[in-house]
Each structure stands twice: as structure tokens, then as C-alpha cells.
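Novice: Got a structure for you, written out below as C-alpha cells; questions coming shortly.
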Amino acid sequence: MDPMLIRFGWAVHLILCYYFIRPLRYGSHRALFTMIPCSILLFAGCQNLPRVQMSSVMTVSLYWMITIRLFHLIVLSSNEPCSFPAYICKFLWFLLPVTPCQSKTPLSFYLGSASIKLLINHWIFQWLRVCPPNDSYGRLAMFYISICSGTFIYDLQAVVVRLVTRHQYTVLDFNDYPFLSKSIREFWGRRYNRLVGTLLKESLFDPIRRLFKTSATLAALTCFVVSGFLHAHVATAAFGASSPLPAFTFFVLQGIACCIVAQCPFTVPKIFGIALTHTFLLLTAPLYIGLFTRADPLFYEANKPPLLDATWLPKLPVPNICPQ
């Protein structure tokens, strides 16, 4: 189906949800009229996507994020006051996650951080590109560094937004030094992929606890299950995976680990916590991250980072060894 038609369908559904479905009295009716069109648009919009391209990953993720936000605003929180401009901004936030600026970090830090991340990101990318695909722990660790360093774009966006708004607003940091996470709960809850983490907290975790009086453990596990479905869809629609189960299992395991940590009666020393967290992530990573590290070399040709071919940028030498 034509992507433009799908986008138009989402726009129409957003408007109909606000003006016609949100005022409905019964939650079951709101859920039915919200989720059936979402399911149709989600299915139609993710058909025949280009394989192993990050644009496909982003398309599936964005449609799922819109669905989750709609479920929150229309089904779970219909009684909360929300103007139409504020309602629309909650969806535009996915594209530019602007937040009030509470940081006094100088802009020079963001520029320096972006420069270092850019250099490392290009180096790791070139290294991954010349090495054969596999899901060895060394290659998984390299891909993890690539993801963390790829956030240089957010640093540059933060500089622009702070300059334009005279330091009143900034852009939500995608990551908050995830390699310093002392527990798997801290990694997923506060440090890694804060965009999706914020969405899940605002749209699922908090409303579920408020409406159903459930424990934080059950609400958190629900978030991981939903995230598992999202990423399982990414695995099949964007990578053509034969089964969505490994990707789904990865996120359910992360949720179970977070619940165990939350109930743990003691705290391990920081250095051991960091080591245990990343050991667990590395051991389970092949279930989902393996989709990227096992991908055909075409994946790296089709998903070059910005400025990779710029001749004026310094380049780090690529090692002639590959992780096995």
C-alpha cells in the first residue's frame, strides 16, 4: 500500500480519536474503535518494507509508538483534560523530543561529545562493515558501542534547540551513559533508549498503576511484554526473521530480570553491578541484537551514518582483526 496513504490514514485516525472516540462513555467502546484501526494501519503500513534498512525499523517502531500513545490518551486517560494542540504535540514529540531545559551543561560539552561520538561511531561502523557477520560477543559489544555513539545526532539537536529557545528547552538525551548502569533495572528504566522508556512509563506504566492499582512489578512486566511485541514485529517486518519468538523472549527476559532486581533485598557494589548488568545483556543480546550483527553486509551499505564519506573528517584506522 502507498506509504503516503498510510500516513494520511494515521492522521485521520488521530483526529477522529480525539473528537469522536475520546468522548465515548465506555472504555470498551473506546478501546474497540481505537485499536481496530490502529491494528489495520499497523499491519498495512509494515507490509513489504525494505529489508535490513533502519528506515524500516523506524517505521515499525513509530507506528507502534503512535498506537501505544493512542491507547493511553483515548482509552486509559480519556477524562484527563487535554487540548487538541497538546494532544498532537504528544505525537510530534516522537520526531523531536523537546523537553524543558533543566541542565546547566555548557553547549561546548555537547559539541565536544558529538565530535567524539561521531569519530567513534564511524570507526566502529567501518570495523563492523569489513568483518564477517556473526553474533559473537565481541561483535555484539562493538554494535552496542555503535548504538551508544550514534547518539551524536541528539547532542547536535540539543545545541540547536537550546540556541533557538535561549536555553528554555532542549532535546531529551537518547541515552544517559548506559555503560554506567549498576543494575539491569537502571539500564532500561533510566539510562538506555529514554525515548521509548519515557513513552512506556507515561502511556503504560503510570496509567496501569493508577487505574488498576497494580504493583510496580506487574506494570513494569507489562511494559516489557508490549516492548517485546514491538521488537518482534521489527524482527519479522524489517529483517524477515523466520520467527518473532527470540526477539520477544529477549525483552521478556529483561523484564523478568528487572523484577528480580526490584525485589532483591541487597545492593551489590557499583563495579560488580556494572559487570553483572552488562554480562547479562551480552549473554541475552543474540536473541535480538543478533539480528543486526548477523545481518547481510548489505545492511551496512544501506545504513551508513551521516558524514561517513566526508573526506574532511579525521578517520581512525580500522583494525585488521575481527571478533569471532
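Using N, Cα and C of the backbone, Cβ positions are placed for all residues, glycine too.
What TrEMBL says about a protein is an automatic prediction, not a curated fact.
Summarising the annotation, TrEMBL assigns transmembrane segment to 5-21, 57-78, 137-156, 218-239, 245-264, 271-291. Marked as domain 'Wax synthase' by TrEMBL: 177-253.
Give me the lay of the land around each of these features.
Specialist: Tertiary proximity for the transmembrane segment (5-21) is limited to same-chain residues at least six positions away from its ends with a CB under 8 Å from its CB atoms, namely 30, 33-34, 37-38, 41, 44-45, 63, 66, 70, 73-74, 84, 87-88, 91.
Listed by sequence, the residues of this chain that lie at least six past the ends of the transmembrane segment (57-78) yet keep a Cβ under 8 A from its Cβ atoms are 10, 13-14, 17-18, 21-24, 27, 30-31, 34-35, 38, 41-42, 45-46, 49, 87, 90-91, 94, 196, 199-200, 202-204, 207-208, 211, 226, 229-230, 233-234, 237-238.
Listed as Cβ neighbours of the transmembrane segment (137-156) (distance under 8 Å, sequence separation of 6 or more from its ends, same chain) are residues 110-111, 113-115, 117-118, 120-121, 124-125, 127-128, 131, 171-175, 178-179, 281-282, 285-286, 289-290, 292-293, 305-306, 322-324.
Under 8 Å from some Cβ of the transmembrane segment (218-239) lie the Cβ atoms of residues 42, 46-47, 49, 51-53, 56-57, 59-61, 64, 68, 188, 196, 200-201, 204-205, 208-209, 245-252, 254-256, 258-259, 262, 288, 291, 295, all in the same chain and six or more residues away from its ends.
Long-range contacts of the transmembrane segment (245-264) within the same chain: residues 183-185, 188-189, 216-217, 220-221, 223-225, 227-229, 231-232, 234-235, 280, 284-285, 287-288, 290-291, each at least 6 residues beyond the stretch ends and with a Cβ under 8 Å from a Cβ of the stretch.
Counting same-chain residues at least six beyond the ends of the transmembrane segment (271-291), those with a Cβ under 8 angstroms from any Cβ of the stretch are 135, 137, 140-141, 143-144, 179-184, 186-187, 231, 235, 239, 241, 246-247, 249-251, 253-254, 257.
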Novice: Over the span of the domain 'Wax synthase' (177-253), how high is the average pLDDT in this prediction?
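Specialist: Taking every residue of the domain 'Wax synthase' (177-253) together, the mean pLDDT is 96.
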Novice: Tally the residues of the domain 'Wax synthase' (177-253) by DSSP class, grouping H, G and I as helix, E and B as strand, and everything else as coil.
Specialist: 63 helix, 0 strand, 14 coil
